[in-house]
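Below: one structure, written as structure tokens.
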Amino acid sequence: MFNCLRLTSCIARNGSSKFSAFKTLTPARSFVSNALLVKPNGGAFTVRDATKNSLLTIGRTYRTPVSRYCTKSSAPEKGTKSVGYWLLGCSGMVFVAVVLGGVTRLTESGLSMVTWKLLGEKMPRTDAEWREEFDRYQQFPEFKLKNQDITLQEFKLIWYMEYGHRMWGRAIGAFYAIPALYFWTKGYFNKAMKIRVLAFGALIGAQGLMGWYMVKSGLEDRFHQESDVPRVSQYRLASHLGFAFVLYSLFLWSALDKLLPAQKLIGQIPAATFRFKGLAHATKAAVFFTALSGAFVAGLDAGLIYNSFPKMADRWIPSDILALSPTLRNFTENPTTVQFDHRVLGTATLTLITGMFLISRRRMLPPRAYKAATAVAAMGWMQVALGITTLLTYVPVPLAASHQSGSLILLSLAIWLTHELKLVKRLPK
């Protein structure tokens, strides 16, 4: 790409007042139209037609025509690929943690461990240790109100599930912290990346604490009515999942910065392209909030009612949608309303995705952005089909886990799309 900085410095060093007007060129814009400045060997600068000639400055040849997008080429940062693959690995581990968490919730294993230690709980080895662990579990609401007939062998299965989820979370912390310390001491991080690294670490710690805070809500003595089912707070579950999605998104975005830098558009960018960038970000936000609403569906077991589609018990709007008082409670505590909201959000998000895909075909975008938009559209339809199938089949664990994983895959593709549009910016006039 034509480098304005190098051109102006070359003119300045020549000391010729003849080209003093060109000293006002800025790194971001060029007012030279269809013209190139050329310095032949041993000669003075001349202006030539940009469509027919090359530009020679300081012994280098530039064959790209003058453009209003003039950027300074920069060498890759130290350890860019290594840092990128590490960040991608961190995002992959968070993805697996979300899947494990979903399976733990679906198998109702999350309340099997009634204690929490920062560095990890000791796994029972002997029959006596297992009996002691089982006795602790029997003191809490899930056993007293729901699992009175559970055997020690069945308890071991749900305990292992929760133990695996917790230990995977601690493995994420180690996989993050050890390379981060190494890269920091080796000088692989610039100032902006150091801030991100500290933020990532804080989020990982907050996510672990939020996980225990969520589990603790299911161990409290607050289930007194016959219809009460011991479960974690849907508010804390949504917060826990939200933290995971934010952490995953930040890791993935940072990894793309290092491994798959966004492509640039050369020349005049139409206003429609800028509007499409806003649409892509709106689509990503819609995917995020739809997934977050799914946490309330899971927290209230709302997928186990109204197992029909598109209507709910032969009605478009169920009769008990506003059964609770005050009215606002229904949106987070009424399973009927929560499921209805998730259906509406899913449908609206799919409509937005489809519209975004169709519009992308008629916009000037970076090359990979077209592929990303297509991938988002394909995954969006697949995710909705998976959600409907999960509902109609009464939430089997494999399908429900796939649906939750699909939401994160869809969010990943939406992040990729917006990342490809990262460099679509208006230049200052």
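Heads up, the Cβ atoms here are built off N, Cα and C, so glycines get one too.
Fair warning: this is a prediction, and the values are worked out from it, not measured in the lab.
TrEMBL lists 83-103, 167-185, 197-215, 235-256, 285-306, 344-360, 372-395, 401-419 with the feature transmembrane segment.
In terms of C-beta pairs under 8 Å, the stretch of 235-256, 344-360, 372-395, 401-419 lying closest in packing to the transmembrane segment (197-215) is 235-256.
Across 83-103, 235-256, 285-306, stretch 83-103 shows the highest tally of CB pairs under 8 A with the transmembrane segment (167-185). Within its own chain, the transmembrane segment (83-103) has Cβ neighbours under 8 Å at 161, 164-165, 168-169, 171-172, 175-176, 179-180, 183, 188-189, 193, 200, 240-241, 244-245, 247-248, 251-252, 254-255, 257-259, 298, 397, 400-401, 404-405, 408, counting only residues six or more beyond its boundaries.
Note on the transmembrane segment (401-419): residues 95, 98-99, 102-103, 106, 245, 248-249, 252-253, 256-257, 260, 262, 277, 280-281, 283-284, 287-288, 290-291, 294, 298, 369, 372-373, 375-376, 379-380, 382-383, 386-387, 390 of its chain, located 6 or more positions outside it, place their CB under 8 angstroms from a CB of the stretch. Here the transmembrane segment (285-306) has Cβ contacts under 8 Å with residues 102, 105-106, 229, 231-235, 237-238, 240-242, 245, 249, 312-313, 318, 332-333, 335-336, 338-339, 341-342, 345-346, 348-349, 352-353, 380, 390-391, 394-395, 400, 403-404, 407-408, 410-411, 414 of the same chain, all six or more residues outside its ends.
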